[in-house]
Protein chains: 10
Amino acid sequence: MSRLDVTEKIITAKVMKGLKWADVAAKLNLSKEWVTAACLGQMTLNAEQAKIIAEIFDLSDEDQKWLMVTPCKGSLPTAVPTDPLIYRFYEMINVYGTTIKQLIHEEFGDGIMSAIDFKMDLQRVADPMGDRVNIVLNGKFLPYKQF
Amino acid sequence: MSRLDVTEKIITAKVMKGLKWADVAAKLNLSKEWVTAACLGQMTLNAEQAKIIAEIFDLSDEDQKWLMVTPCKGSLPTAVPTDPLIYRFYEMINVYGTTIKQLIHEEFGDGIMSAIDFKMDLQRVADPMGDRVNIVLNGKFLPYKQF
Amino acid sequence: MSRLDVTEKIITAKVMKGLKWADVAAKLNLSKEWVTAACLGQMTLNAEQAKIIAEIFDLSDEDQKWLMVTPCKGSLPTAVPTDPLIYRFYEMINVYGTTIKQLIHEEFGDGIMSAIDFKMDLQRVADPMGDRVNIVLNGKFLPYKQF
Amino acid sequence: MSRLDVTEKIITAKVMKGLKWADVAAKLNLSKEWVTAACLGQMTLNAEQAKIIAEIFDLSDEDQKWLMVTPCKGSLPTAVPTDPLIYRFYEMINVYGTTIKQLIHEEFGDGIMSAIDFKMDLQRVADPMGDRVNIVLNGKFLPYKQF
Amino acid sequence: MSRLDVTEKIITAKVMKGLKWADVAAKLNLSKEWVTAACLGQMTLNAEQAKIIAEIFDLSDEDQKWLMVTPCKGSLPTAVPTDPLIYRFYEMINVYGTTIKQLIHEEFGDGIMSAIDFKMDLQRVADPMGDRVNIVLNGKFLPYKQF
Amino acid sequence: MSRLDVTEKIITAKVMKGLKWADVAAKLNLSKEWVTAACLGQMTLNAEQAKIIAEIFDLSDEDQKWLMVTPCKGSLPTAVPTDPLIYRFYEMINVYGTTIKQLIHEEFGDGIMSAIDFKMDLQRVADPMGDRVNIVLNGKFLPYKQF
Amino acid sequence: MSRLDVTEKIITAKVMKGLKWADVAAKLNLSKEWVTAACLGQMTLNAEQAKIIAEIFDLSDEDQKWLMVTPCKGSLPTAVPTDPLIYRFYEMINVYGTTIKQLIHEEFGDGIMSAIDFKMDLQRVADPMGDRVNIVLNGKFLPYKQF
Amino acid sequence: MSRLDVTEKIITAKVMKGLKWADVAAKLNLSKEWVTAACLGQMTLNAEQAKIIAEIFDLSDEDQKWLMVTPCKGSLPTAVPTDPLIYRFYEMINVYGTTIKQLIHEEFGDGIMSAIDFKMDLQRVADPMGDRVNIVLNGKFLPYKQF
Amino acid sequence: MSRLDVTEKIITAKVMKGLKWADVAAKLNLSKEWVTAACLGQMTLNAEQAKIIAEIFDLSDEDQKWLMVTPCKGSLPTAVPTDPLIYRFYEMINVYGTTIKQLIHEEFGDGIMSAIDFKMDLQRVADPMGDRVNIVLNGKFLPYKQF
Amino acid sequence: MSRLDVTEKIITAKVMKGLKWADVAAKLNLSKEWVTAACLGQMTLNAEQAKIIAEIFDLSDEDQKWLMVTPCKGSLPTAVPTDPLIYRFYEMINVYGTTIKQLIHEEFGDGIMSAIDFKMDLQRVADPMGDRVNIVLNGKFLPYKQF
């Protein structure tokens, strides 16, 4: 699967050049969250975006074409993540998942919060007790319909 | 495991009485997110809180004591959740997990976002294209330290 | 989990009374597909529907209330289904899943076919070589959006 | 396993040349569903078909021979699919699988819907609320027989 | 799941009464293989057969009705069987499965041997070196078709 | 593991040369079932047999030596097979496994049917309703002994 | 599954009465290894043996009949054992399994050591550095045969 | 992991040269069981032993150094072994594991049989009914201690 | 498994009576670590200890006997723990496990740190930045021996 | 993932040069525990540290840059470790995990012991009965907070 190869090239180039995702995102006029996901092989770029990314990371024309193909998504190597940072989010679902389900149903009725019509925003919040990470997940509510 | 029995009693009483989590939370002067998690067997209540919960859900004295014991946490019956609403959050981690990891490290360096020194807020956001769910995850950044 | 108990009661009553799902559905003026899913514990009924179902299957008032609560969905006991009829559908995904992915992306671009804004229709098609099952899956296309 | 290599070559050639599955299918006078599955390593081609595919994707004579060998089928890398588009179909089985089982048995008695004597048709359906994906699954009913 | 209860009743009655599957089968004028599978909860009986089985094993009218409902099939508690006798058959598939695949495809082309339009016969074969078990598996070949 | 490499060479040579397993077997004066299993890396050949196989498939002297080493057996990549043809045999065990167990114990007492002192025969059976696959499994009964 | 119930009754009676497996075995004139396995639900007893066991452990007539039925074997609740004593044997297979395979093949050729025509003997061996457990596994070699 | 490479080199050299483990062991004046395990990457050799092994199998100086590093142990590719010979040992634990546990505790009290302070001896035992494999497992009993 | 029932009784009694493990341990003149493990069903008590425990937790004579039987150990319901506190220890092994392996081998050579001849001590350490948990794991080094 | 390549280079260089982790740590003026973990790909080094490590292990400039990138952590290839030394620590969690949970909650209330604000110290303790490994785990207690 060649998109994986392009992802590895991007990551290697980023490490070697000392680039920042926020700067890459700025060049595309898109959020750092979406652009990082795209560079990590989770999103599809259009021709213009693929060209910019290719320039930033010294990618070939072939690589550029792969960036424009919808990838096979899913960025984790195991069903339960082993990396401590990522695991904490899995744990949040394990501890608070049924809570989230109850509260969304209480507010909206039967349905789900979309993970497709979805956006995410991640910010540092200064705090004298130690700075905090603030992540906003925002997704459309999709109701189950009777038929 | 007796805390599970208390959780089932609470859920059954809620269904039979037609209660709302938001109203239960209001009686404890705490967020609906924390209180729902506590009622679902994920958090520990103090004596005063346990008494209020017991009154709301018609729990026995024994049940009340169980509410004050730190529970064995984790509310999902399978490693990969099968309920569509909860699965969407698992999918967010699968698709955006490596993105979150990259962005937190870019901003803070090596470490994690705490799932313990953590709070969550869930709100409905009106939208003419269909209302949206907005979830804020807020956790302290904990750096790995050299030793 | 009490919704499970109600589901078992419904199935037992259906077997004992010799009812048909199509007839149950007719009483609700809804499709047999949605009504069967609801009776099997996958959908949420409104008060009026729950009352009709309760009458058909001799359910108690408590049972009736459970029918109106959004259930924890997922009707299969194992990740890979063992029942031969259900397994065939799992096999279709295994053999044709990547094909479906390619064709939807070719037609619509990056996104998914919704399993929530979704309906299903199952019919017998007479055929001299042996009658056939015809299943129509119809779901809204949801595009990934840049942000 | 060399058929995998041929599949990878086909996918790469398609990306580089910007081909469409529908156009490839037209050259074989077969459905886009069957042809895509065949190109993705799930079906067996005859000599004439293999020749056409080889020309389209610049395959070698050796590759062409592999296309005519019955492949080891199954196109998903994990038991539970991680790609969001493919997962939605797994979720449909999880939510509606027991419903489908009930309705087929109600209509046909004990048996299964064949995944071999089977065809599939995928179409875009225009809809002012957002276009929809319509997938028709059509398989022969095979009854269990007493012996 | 009530069919399971009926299966347990049948097994217990068989042990207590010292019955033989071959004798049970004789009363239904069917093979011992099909009848045993039916009694173990894998096949559906018609009204007349269910009545005979109910008499043999002292089942109630309710039990009799369950015998006439298509069961949820699959008789093994784990994906890889632990019982030594059953495991040997799993091992045969592991060691000879690819061989069977090659030989069926060599003889018939692409397709499968049906496990539905299928029958099985199990016999003791006397042998001076130690008697042998002889099992004949007989299933219709179902070809994949182009569409 | 080098035996795997030899197996791949054999399969590739067979595809390229258009050989048939039945013809290969004829050259060894052994059944097509055993010879195919051996070529697929499940059985051990003696020097004379390895020489014949090496000639047929253009193998090197090193390859020939590997054919004479007892291999690490087991030809399936996953615990539950995904290939539809092979899965049907797994399903037979799932549906009929407890039946086979009951019938062997009824006939022979406690013990197993050997998968080692075992042979298999696979034949096409002409049938106007569609030809059938007939597989005979023949294994020695091995009783558990008290000690 | 009723044999499990009999096993639990036997274990409970043994604990309450303070019996020793060696003494139970002596009453059957069989090894402590076989008798313990039989009492733990892994072996089949004849009528006379079942009667003696029933007397020792105060079992009912029904229980006695279950002891004479070939059980569904396999005494471990998980694929990888968690009990430290039993795990050590799993570890021996993990560390020395390929060694055992090599040495048996070197001595006997292709085949297996039977786990059915098998006996086991477990003894304490006094040792000034700490007493040792000595376990002898003795099984018939079964060769793979060509056919 | 380079020790794996050395193991593969050793196995390949053994096959090509037609060596026997027993002869290799003789050159080290150690048991064939320990030496085979060491050659298969499970044990650590000292400098002198590594030199002898390197000469026998034509290993490089680098390979020799790897033999002297404590390896990451565990020689099986799957949790439940698929090779029939190795599986039989897994089955012995499954059938007799609880028996072994009971008998060791009856004789020694709470503790385990060490898999580290452990030795193993494998011998052929001639038998007119078919030769047998005799394996002696000998490990120190380690008691749990109160503290 | 009756020891589980005794464990549940002990935990329930502890919650109802508001006891502390440290106080229970004091009555046995043993560490709180060992006594808690014993009460949670992981260790074997002698007659005198079982009597004291039975008095503290109001256990029956039968319960008392179960406390004196070596239990089937392993206190976690899933292979990867879901409770956040326990998971952190699993994570320590995942992150630092290979480090511990390297350092023990560097210091001691090939072998293991015993989990049987083992003791553990858990203390609170006051710290102005937030109190800390200090856990000392102390186990005998057991060397692999050549044989 | 290139950090893995750097880890392999470090391990290979260490074996070839006969280095000791303790000596490497001394050059960084940090503990052997942290430095080993960092060299094994679990920690992030700063520029100065990466330079020293690169010199010790003859790493390239590119490798040096990878050492400064936060790695994807988790050093074990399987969920349940197979290496005997590492498994013992998994077993400690399995046997003592619930004990640790009880004692920490008894002392501190609801919360966890951090695996991030954490340090570890591993020492040999001389003992006439056989030297012992002494491991001190020291982590900050993090309380769950109400919100």
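For all residues, glycine too, the Cβ spot is worked out from N, Cα and C.
Residues or ranges marked as active site by Swiss-Prot: J:R88 (among others). For the recorded site, J:R88 (active site), the DSSP three-state label reads helix.
Taking Cβ-Cβ distances under 8 Å and a sequence separation of 6 or more, J:E91 (active site) has no neighbours in its chain. According to Swiss-Prot, the active site annotation covers J:E91 (among others), on the basis of sequence analysis.
Among the features that Swiss-Prot reports, active site is placed at J:S114 (among others), with the record citing sequence analysis. Around the Cβ of J:S114 (active site), the number of neighbouring Cβ atoms within 10 Å comes to 21.
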Original post:
Given J:R88 (active site) and J:S114 (active site), what distance in Å do their CA atoms have, once rounded to a whole number?
Top reply: 21
**OP:** Could you check the active-site residues J:R88, J:E91, J:S114 and tell me which sit with their Cβ under 8 Å of a chain B Cβ?
**Re:** J:S114
Original post:
For chain G, which of the active-site residues J:R88, J:E91, J:S114 fall under 8 Å by Cβ?
Top reply: J:E91
Original post:
Within 10 angstroms of the C-beta of J:R88 (active site), what count of other C-beta atoms is obtained when all protein chains are considered?
Top reply: 25
**OP:** Would you mind pulling the DSSP three-state label for J:S114 (active site)?
**Re:** strand
